[in-house]
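Student: Could you have a look at this structure, given as structure tokens, before my questions?
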């Protein structure tokens, strides 16, 4: 009888131990407990964006400081020329060497944590210049032929109103549809290239990743 009671007690103890340490009942964070982590991440991202907005005036100054780097990138200096519409501007090797030295000198003077966003602002200025170069040609090809057809037979006082109502929305859609995706892709490609080429050329460290402004900064 005693033996039976002992076995019964041991079985009960084993059952209780199994229930207490059931792996399926281990602690798991609830969604309510995960919310503070997500909120902290969102706050950190907002702080980075606010810091970037505060740095924009400084980045515009650094953009001017890196003007030699911009000139070096757009000119036909070694294999660094990456802007198609400026490849005809070929410089002498001596001029390229001077420009390279000036670029490296200015890049070294910029604080390390600001080099990446400063290079990005230079790339944005180059792409904005490229957009300004091509957009008048696009406007001329799109606007003038259709304007000539529509304005025939329309009185001069009404012509300006009609052409503005017809062509300006279409022209805006065409230019936005062509330039905005293309410009964003060019910015990303040229930014990646510049973040590799300039540090290697100047033998300076530039962080490979940095928060960057999405809105175009002032050009040169």
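Note that Cβ sites are derived from N, Cα and C of the backbone, with glycine treated the same way.
The shown structure was predicted, so the numbers you read here are calculated from the model rather than taken from an experiment.
Here's the feature list from Swiss-Prot:
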type     : residues : note
DISULFID : 69-202   : disulfide bond
DISULFID : 77-96    : disulfide bond
DISULFID : 103-104  : disulfide bond
DISULFID : 116-210  : disulfide bond
REGION   : 128-146  : region '2 X 10 AA tandem repeats of M-Q-Q-Q-Q-F-F-Q-P-Q'
REPEAT   : 41-48    : repeat '1-1'
REPEAT   : 49-56    : repeat '1-2'
SIGNAL   : 1-19     : signal peptide
Student: For residue 96 (disulfide bond), which of the three DSSP-derived states applies: helix, strand, or coil?
Tutor: helix
Student: Whole-number Å only: compute the distance from the Cα of residue 69 (disulfide bond) to the Cα of residue 103 (disulfide bond).
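Tutor: Residue 69 (disulfide bond) to residue 103 (disulfide bond), Cα-Cα distance: 5 Å.
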Student: Hey, does DSSP put residue 210 (disulfide bond) in a helix, a strand, or just coil?
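Tutor: DSSP call for residue 210 (disulfide bond): coil, neither helix nor strand.
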Student: Rounded to a whole number, how many Å is the Cα of residue 210 (disulfide bond) away from the Cα of residue 104 (disulfide bond)?
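Tutor: Answer for this pair: 20 Å between alpha carbons.
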Student: Determine the most Cβ-crowded residue among the disulfide-bonded residues 103, 104, 116, 210, using a 10 Å radius around each Cβ and all protein chains in the structure.
Tutor: 103
Student: What's the CA-CA gap between residue 96 (disulfide bond) and residue 104 (disulfide bond) in angstrom, rounded?
Tutor: 12
Student: Return the count of C-beta atoms lying within 10 angstroms of the C-beta of residue 202 (disulfide bond), excluding that atom itself.
Tutor: 19
Student: Can you see whether DSSP assigns residue 104 (disulfide bond) to helix, strand or coil?
Tutor: helix
Student: Using a 10 angstroms cut-off on Cβ to Cβ distances, just flag whichever of 69, 96 is the loneliest among these disulfide-bonded residues.
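Tutor: Selected from the disulfide-bonded residues 69, 96 on minimum Cβ neighbours within 10 Å: 96.
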Student: For the C-alpha pair, I'd like the distance in angstrom between residue 103 (disulfide bond) and residue 202 (disulfide bond), rounded off.
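Tutor: One finds 8 Å between the Cα atoms of these residues.
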Student: Give the three-state DSSP assignment (helix, strand or coil) for residue 116 (disulfide bond).
Tutor: helix
